[in-house]
Each structure stands twice: as C-alpha cells, then as structure tokens.
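The structure appears below as structure tokens.
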Amino acid sequence: MLTQDELKQQAAQAALDDVLPQLQPDSILGVGTGSTVDRFIDLLAPHRGAFRAAVSSSERSTRRMQAAGIQVLDLNEVSSLALYVDGADEIDHQLNMIKGGGGALTREKIVASVADRFVCIVDESKLVERLGGFPLPIEVIPLAREAVAREVRQLGGQPRLREGFTTDNGNQILDVAGLRYGDPAEFEALLNNIPGVVCCGLFAISGAQVALVAGQAGVSRLELRD
Ligand SMILES: O=C(CO)[C@H](O)[C@H](O)COP(=O)(O)O
C-alpha cells in the first residue's frame, strides 16, 4: 500500500513525463505551490537546460526553484505560458478544483489564467464526486474580513480566520466550511463579486485541462475534451 507521500511523488513524476516532451529551449513554465509541486520542482531541476525559465505562484516555490538552479521570471516579463503545473485540495471529474490550502491561491489563479493548459497533479484522496468537503479558502483584504465573513454566512458558509497566516500579498485567509456550490463557475463569480474578496479558492472558471491522479493502481489521466 503506497503512502500519500509516495502517491504525490508518482503524480509529480507523471507531470514531468507529460510536460518534458512539450518543452522547448525558449519555453516558460508556470509552477504552482504545495508539497506535490515541491516534488515536481525537485524532479524538474535536473532538466533545467530543456526550457528557459519558470514563473512562480509563491515565494515558497520561487525559493525552491532558485535553490535548484531554475531561473524564475516575474509574470510581468512574460506574455504567454504554454503550461501551468499545480496541485489541488479537491478536484472533481469536470476538473473544477478547490485550491488554497497552502494560501497561494491568488497568485496561482493569476498564473494559471495566463497559461494555455493547466495540468493538475493530485493523489487520489483529492478526487471527489462533488466539491465541498475541503473548506474553501478566500483571500480577503484585512479591513474587509468581517464584512466578507457576513456575506459568506448569508450564502450558508461558516467562515474561520486562518490564524497567524498572512499571504504573499499581505492579506488574510478565511477558510469557509459548509458551502454548497451547485454550479461551481457561477459560485466562483458570485464570491469574486463580494467587495474585499481578493480571490476565492474555487477554480472553475479557470479550471484544469488535465488531471494526473495517482492511486494505488497507478496514475490515471482525466482530460477535458473541447
Ligand atoms: O492550492 C494549493 C496551495 O495554495 C495547493 O495546490 C494545494 O493546497 C495542494 O497542496 P499539496 O500538494 O501540499 O497537497
């Protein structure tokens, strides 16, 4: 029986196998955040000569990539990204996701939105029939925290401040339990419209195109067809 850590390693290896043949010497790769992505960065590092640079979604991933000798560019220096690789806290079969367990959701969503293709890497515990078991992270401007919490309660959620945590953007996170999403893309847009919300961890409007799901029987590939 493989452990969750071993499954994360397998998902990371599958991402490398998927991405490497697509990289050119001038390619720039978007890189997410989290323990699964840490493994992907470690596997990617020996191949740093096969692509030009990466764009990072967090200070954490930037530090790890730079320590591994991968050049990291600011997103403002880049006009397009062919690929973005990141993990998720939950993913459904339509490749809608909940992200932000590591608190990097805003930069993740921005970098993902620039990329042509989002490759999501998860162990099988993250694959769900319906999103909502994992509390939804919402990044908020600190002075709007209580105002956003009131709005979220109106939507049926139970918000909880992530104590002692500040995002890379200097904001706070509300982790919201109890939400029912119905149409995830509609719900994402609804949350985005609450003043003071910087970003919510629902990735439906900017969901993944491919998911590599590592399980006891191997890695399965879920892909959206156009
Ligand atoms: O959204 C994220 C960080 O903001 C991560 O992708 C998510 O939390 C999954 O992390 P891990 O690979 O450590 O399970």
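Even glycines carry a Cβ here, placed using N, Cα and C.
Here TrEMBL flags E108 as active site, proton acceptor. If you look up TrEMBL, you'll see T33, G34, S35, T36, D86, G87, A88, D89, K99, G100, G101, G102, K126 marked as substrate binding site.
This view paints the features noted in TrEMBL onto the structure.
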residue: T33; record: substrate binding site; contacts (Cβ under 8 Å, 6+ apart): S57, S58, R60, S61, D86, G87, G102, A104, R107, E108
residue: S35; record: substrate binding site; contacts (Cβ under 8 Å, 6+ apart): D5, K8, G87
residue: A88; record: substrate binding site; contacts (Cβ under 8 Å, 6+ apart): M97, I98, K99, C120, V122, K126, F203, A208
residue: G101; record: substrate binding site; contacts (Cβ under 8 Å, 6+ apart): G34, D89, F134, P137
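Each of G32, V37 belongs to the same chain as T33, G34, S35, T36, D86, G87, A88, D89, K99, G100, G101, G102, K126, is absent from that list, and has a C-beta within 8 angstroms of the C-beta centroid marking the substrate site. Taking every protein chain shown into account, D86, E108 are the recorded positions, and of these the Cβ with the most other Cβ atoms within 10 Å belongs to E108. In the three-state DSSP assignment, the secondary structure recorded for E108 (active site, proton acceptor) is helix.
Under the three-state DSSP scheme, D86 (substrate binding site) falls in the strand class. K126 (substrate binding site) is surrounded by 27 other CB atoms, counting those within 10 A of its CB over all protein chains shown. The 10 Å shell around the Cβ of K99 (substrate binding site) contains 29 further Cβ atoms across the protein chains shown.
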